[in-house]
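As written in TrEMBL, here are the features:
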BINDING   B:ALA6, B:PRO7, B:SER8, B:GLY9, B:ALA10, B:GLY11, B:LYS12, B:THR13  ATP binding site
DOMAIN    B:1-177  domain 'Guanylate kinase-like'
2 protein chains.
Amino acid sequence: MFVVSAPSGAGKTSLCRELIDSIPDLRQSISFTTRNIRDGEQDGVDYFFTQTDSFQRMIAEQLLAEYAEVHGNYYGTSLETLNTAEAEGVDLLLDIDCQGAAQLKKNYRRGVFIFILPPDFAELKKRLYNRGTDHEDVIQRRLENAEQELLQAPWYDYLVINDDFQSAKKKLMAIITAERCRMSRTTYLLNNFTVKGDK
Amino acid sequence: MFVVSAPSGAGKTSLCRELIDSIPDLRQSISFTTRNIRDGEQDGVDYFFTQTDSFQRMIAEQLLAEYAEVHGNYYGTSLETLNTAEAEGVDLLLDIDCQGAAQLKKNYRRGVFIFILPPDFAELKKRLYNRGTDHEDVIQRRLENAEQELLQAPWYDYLVINDDFQSAKKKLMAIITAERCRMSRTTYLLNNFTVKGDK
């Protein structure tokens, strides 16, 4: 389970998409959300779009591995998503905010937590303005959110600075490759050495 | 500090050479040894070849970060090697046995410990015979050593199976790239966000 968080404007979504395309046995986790579907988004691809009462029922029935409320909308990952990936032996890539990540960190021991940032605050601001998709007040809110999220960064396992897209992609791919070599995940391979044959 | 251990025949030496050639700011640590210099080896390149009494003086004067005695010969890494690399801001790659690695693990908190293995015992045996450089009794001794070293493997941070040279090289490079992104080594980059400019 690879959990990626970043302030808006860090390039997280494009990076995650590239990782999914480049790395075998890595699946994008699809979150549930109560926010409205946007142009170009597809239900079941970008998110599972759901009603607030359905979402609250999932919370009450403890069907969620993590959830967060951001600006009046719920976002969450179902336990089923995690269990299915585990049963099928694929790694999950979760693109979630710091609140949800903190819940997963607390409840699951095996996750790898990665924080993505642009090189500095000025660059973050520049990218948000250059997107040209958001109003001034939305940008201000995103910048304030970024400050809050930065306070969470230090407990993450890895920090990837997205100064150059290809270099950031390479680092993220390296983290996934390396984590798959961790002794805690590969000890079983040592068993091939207990059978020594006709020594 | 990246510490690599492996039984003879795992391909460790060639892999380390490739890493040094491919990765910037990574320097091969040169060990001191009391064993005889072999054809093709160079003093100060492959090892610092030294006399037993000089080596024992280094032990007595606590000039070594780790050392081990293997089949009557001493091998060790000087503290100076570690300190110089740190002062110059380069990472060290240490190609040492499990005894020395265990000392570094105990004395230094920052090392990354990687164990390399061929896919199974039969393959290890085959590689040792195919090298054609060692006598039967030397091969037997190496196989027995391998068994001892395998008992140490579980405390290493990473396990890389060298079934295919390029794939093993890629994994080792990924481990180094990933470890350089560890939050514990990159937290200082978060400081770029405390200066917010004309927000």
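Backbone N, Cα and C define each Cβ position, glycine as well.
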Local backbone state of B:GLY11 (ATP binding site), from DSSP in three classes:
coil
Name, in the order they occur in the sequence, the residues of the same chain whose CB lies under 8 A from the CB of B:PRO7 (ATP binding site) and which sit 6 or more residues away.
B:LEU117, B:LEU124, B:ARG142, B:ASN145, B:ALA146, B:GLU149, B:LEU150
Go through B:SER8, B:THR13, our binding-site residues, and report the one whose Cβ sees the most other Cβ atoms within 10 Å.
B:SER8
Just to verify: the residue among B:GLY9, B:GLY11 with the fewest other Cβ atoms within 10 Å, which of the binding-site residues is it?
B:GLY11
When C-beta separations to chain A are restricted to under 8 angstroms, which of the binding-site residues B:PRO7, B:SER8, B:ALA10, B:GLY11, B:THR13 qualify?
none
Chain-internal residues, separated by at least six, CB under 8 A from B:ALA6 (ATP binding site):
B:LYS12, B:PHE115, B:ILE116, B:LEU117, B:GLU149, B:ASN162
Residues near the ATP site, B:ALA6, B:PRO7, B:SER8, B:GLY9, B:ALA10, B:GLY11, B:LYS12, B:THR13 excluded, by Cβ within 8 Å of the Cβ center?
B:ILE116, B:PRO118, B:ASN162
